[in-house]
């Protein structure tokens, strides 16, 4: 194989690796600031009772969140999703049940997990990705 034909393949393979690793980034820490185009939030640590994650996409994009079925109790544990543009009184509170899909109206959304300290932590998974404002999920 000539060196000239090997370079495009090397570039292609390195690009595919970069894309696949970027899409698998997420957070299992208690809170944080996520600016990836896609990722996940997962929490299962027992000590912290309140965690807040802020997800930010590029301007002109909105965020799609897929919240997998939860095993949280309504009063003692909850997961809240807030949309930056919607205002402080407009949020989704999820306590359990089926899979939820939430579409933000702006490029910033906040996910908050809270529980009473006398209850053990319950794991959950939230997947997110960004799409252009005019696109449908």
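Using the three backbone atoms N, Cα and C, a Cβ is placed for every residue, glycine included.
Swiss-Prot annotations:
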DISULFID  30-51  disulfide bond
DOMAIN    30-131  domain 'CUB'
CARBOHYD  36  N-linked glycosylation site
SIGNAL    1-21  signal peptide
Practice problem: Using DSSP, break the domain 'CUB' (30-131) down into helix, strand and coil residues and give each count. | Solution: 0 helix, 56 strand, 46 coil
Quiz item: Does residue 51 (disulfide bond) have same-chain partners at least 6 apart in sequence with Cβ under 8 Å from its own Cβ, and which are they?
Solution: 30, 31, 43, 112, 113, 114
Quiz item: What mean pLDDT score does the domain 'CUB' (30-131) have in the model?
Solution: 83
Practice problem: Taking the Cβ of residue 30 (disulfide bond) as the centre, count every other Cβ atom within 10 Å, in any protein chain shown. | Solution: 16
Exercise. For residue 36 (N-linked glycosylation site), just count the other CB atoms lying within 10 A of its CB, please.
Key: 18
